[in-house]
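Engineer: Just passing along the structure, written as C-alpha cells.
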Amino acid sequence: MASDNRASVFPFAAAVLVVLLAGGAAADDASSDDDAGTSRTPGCSNKFQLVKVKNWVNGTEGTTFVGLSAKFGAPLPRDIHEAKKSFAVLSNPIDCCSNLTSKLTSSVAIATRGECAFTEKANIAQASGSTGLLVINDNEELYKMVCGENDTSINVTIPVVMIPQSAGKKLKNLLHHGASVEVQLYSPNRPTVDLSACFLWIMAVGTIVCASLWTEFVTCEQVDERYNQLTRKDGPDTGTKYREDKEVFEISAKGAFIFIIVASVFLLLLFYFMSSWFVWVLIVLFCIGGIEGMHACLVTLLARIFKDCGQKTVQLPVLGEVLILSVGIVPFCAVFAILWAVYRHASFAWIGQDVLGICLMITVLQMARLPNIKVASALLSAAFVYDIFWVFISPLIFHESVMIAVARGDNTGESIPMLLRIPRFFDPWGGYDMIGFGDIIFPGLLVGFSYRFDRANRKGVLSGYFLWLIVGYAVGLFITYLALFLMDGHGQPALLYLVPCTLGVIVILGWLRGELYELWNFGKSPGENFVNEP
C-alpha cells in the first residue's frame with residue numbers, strides 16, 4: 001500500500017487539543033435563569049428574560065438587537081403584535097439619577113449605567129412619564145439588573161431592559177444628530193423542542209456508529225480470529241490482507257490520567273490568556289486536522305467505490321510514492337477548509353465546520369484505541385470528573401465556568417471551532433445547539449472497543465455489547481439535552497450523563513454475563529480472547 005494510507009501523527013496530536021474542549025452541550029446565548037441569592041423583595045421577583053429591541057430610524061427599520069429584562073418592572077409582551085411602538089428619548093442627565101429635564105411622556109427613556117441604583121433610575125424615569133427604560137451597559141455583556149440591599153419595596157410599573165454598549169452607542173449617536181428613533185420591546189417564547197437538537201443527536205450518534213464500523217465495512221479490513229485486534233501474532237498465511245502501515249495508538253491508564261492533567265492546564269491557559277490570535281491558532285490547527293481527516297475519509301471511500309483508482313500510484317519528490325487519488329483529493333480538502341475559515345461567520349459556516357469535525361473524529365477514532373475496560377474506566381472516570389469540575393465547580397473558584405467561557409471564546413470575537421453545532425431553526429432567538437468533540441470521542445473510544453470485542457468473540461447483535469452501548473450513548477445524549485432544557489440553556493457537562501450510560505452499561509452487562517474479568521483484561525494475554533479455528 002502506498003504511503004498515503006499511513007495514518008499521520010498529526011490528527012492524533014490535533015485530537016489532544018480537540019478533546020481539551022469537551023464542553024458538553026451548550027447554548028451560546030444569554031440565559032434567562034435567575035442568579036442564586038438575588039433579592040426576593042416585593043416587586044423584585046421577575047424572571048430574567050431576553051428582549052428583542054426592534055427600532056426604526058426616521059421611519060426605516062434598523063437592525064434588531066437583544067437586551068435583558070430586569071428583576072423588577074413590568075413584564076414584556078410575548079407576541080410582537082401586542083408590543084407598542086414608542087419614541088426613544090435620551091434622559092437628561094444621561095445617567096437618569098436625578099430629576100430629568102427632558103420630556104419623556106409616552107416615550108422610552110435611554111440612560112447609561114452607573115452613578116445610582118437601577119431601581120432609582122427606573123423610579124425617576126417612571127415619575128417623568130416614561131413608558132419604559134433602556135439602560136446602556138458599559139460593555140457588550142448583558143448584565144443582570146437586580147434590586148439593591150436597601151430596596152425594601154419596589155413599585156416599578158414600566159419595563160426596564162439592559163442593552164449592550166454597541167447598541168446603546170448607536171442609538172445615542174442617532175438621537176444626538178436629531179434622528180427620530182422608535183423602539184418596540186417584546187420577549188417571544190422559545191420553543192420547547194427545536195429540531196436542531198434532534199439533528200445534532202443524530203450527528204453525534206451517527207459519528208460514533210460510523211467510526212466503529214469504518215474499519216470493517218469501509219476499509220474492508222477483515223478480522224481473523226488468530227489475530228489480536230491490537231497486535232498481530234505469528235501464524236500461517238490465511239490470505240487476509242492487512243494494512244501493515246496503519247498506526248494505532250493504544251491508550252494506557254497512566255496516559256489517560258496524564259492527558260486529563262495536561263488538558264486542565266491547557267484549559268486554564270486558554271481561560272487566562274485567551275485572545276483573538278490564540279483562537280486563530282486553534283482555528284488553523286482545526287483546519288489542518290480537518291484537512292487530514294477529510295482526506296483520509298475521502299480516499300478510503302473513493303478507493304472502496306473505485307477499486308482501480310485506489311491502486312494507482314505516482315512518485316513525487318520528497319513525498320515518495322503516493323496514490324493518484326490522494327493527489328487529487330488533497331487540494332479539494334485544503335480549499336474546503338480555507339473557505340470555511342474565510343466564511344466562518346456566515347450563516348452557512350456550521351455545515352463546513354461539522355463536515356471537517358466529523359471527518360477528524362472518525363480519523364481519530366481509527367487511530368486511538370482502548371485495549372480493555374480497565375483503561376476505559378481510568379480514562380472515562382477522569383474525563384467525567386474533568387468535565388464536571390470545569391463546568392459546574394470552576395465558577396466557585398474562577399467566578400465563571402471556565403469550560404463554557406473558553407468554548408465561547410469570550411472577549412475575542414471568535415468562537416472555538418472544536419464543536420459540532422447546528423442552528424436552532426425555529427427559535428426566534430436564533431443561536432446554536434452545540435456539543436464538544438470530546439463528548440463524542442471519549443464515549444466513541446469505548447463503543448469502538450465494544451465492537452472489536454464482539455467481533456473477536458463472535459458475539460451476536462443482542463448477545464454482544466456494541467448495540468447496547470450505542471443505545472446507552474443515545475439515551476445519555478438525550479438526557480443531556482433534557483437537562484439543558486430544564487436548566488434554561490445553561491451549559492451542561494455532557495460526560496456527566498454519557499459516562500454512566502456507556503461505561504456503566506458495559507460494566508453492568510459484563511458483570512451480569514460473567515464476562516467482566518475478560519472485558520477488564522482483554523488483550524493482555526495473547527490468544528486468550530479468541531476462539532480457535534475448527
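Backbone N, Cα and C define each Cβ position, glycine as well.
So TrEMBL lists these for the protein:
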type: SIGNAL; residues: 1-27; note: signal peptide
type: DOMAIN; residues: 103-171; note: domain 'PA'
type: TRANSMEM; residues: 199-219; note: transmembrane segment
type: TRANSMEM; residues: 251-273; note: transmembrane segment
type: TRANSMEM; residues: 279-306; note: transmembrane segment
type: TRANSMEM; residues: 318-342; note: transmembrane segment
type: TRANSMEM; residues: 348-368; note: transmembrane segment
type: TRANSMEM; residues: 375-398; note: transmembrane segment
type: TRANSMEM; residues: 434-453; note: transmembrane segment
type: TRANSMEM; residues: 465-487; note: transmembrane segment
type: TRANSMEM; residues: 493-512; note: transmembrane segment
Engineer: Among 251-273, 318-342, 348-368, point out the range having the most Cβ pairs under 8 angstroms from the transmembrane segment (279-306).
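Structural biologist: Most contacts with the transmembrane segment (279-306): 318-342.
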Engineer: Pairs 6 or more apart in sequence, C-beta under 8 angstroms, 3 or more of them: is that satisfied by the transmembrane segment (434-453) and the transmembrane segment (348-368)?
Structural biologist: yes
Engineer: On the DSSP side of things, how many residues of the domain 'PA' (103-171) fall into helix, strand and coil, could you say?
Structural biologist: 17 helix, 15 strand, 37 coil
Engineer: Might you confirm whether the transmembrane segment (318-342) is in contact with the transmembrane segment (348-368), defined here as three or more C-beta pairs under 8 A between residues 6 or more apart in sequence?
Structural biologist: yes
Engineer: Under 8 angstroms for C-beta pairs, at least 3 of them, ignoring pairs fewer than 6 apart in sequence. Is the transmembrane segment (251-273) in contact with the transmembrane segment (375-398) by that rule?
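Structural biologist: Contact confirmed: at least 3 Cβ pairs fall under 8 Å.
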Engineer: So if I exclude everything within five residues of the ends of the transmembrane segment (199-219), which remaining residues of that chain have a CB under 8 angstroms from its CBs? That is, six or more out.
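Structural biologist: Sequence-distant neighbours of the transmembrane segment (199-219): 25, 243, 300-301, 304, 354, 358, 361-362, 365-366, 420-422, 433-435, 439-440, 443-444, 447-448, 450-451, 455, 466, 470, 473-474, 477-478, 481.
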Engineer: Average pLDDT across the domain 'PA' (103-171)?
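Structural biologist: Across the domain 'PA' (103-171), the average pLDDT comes out at 84.
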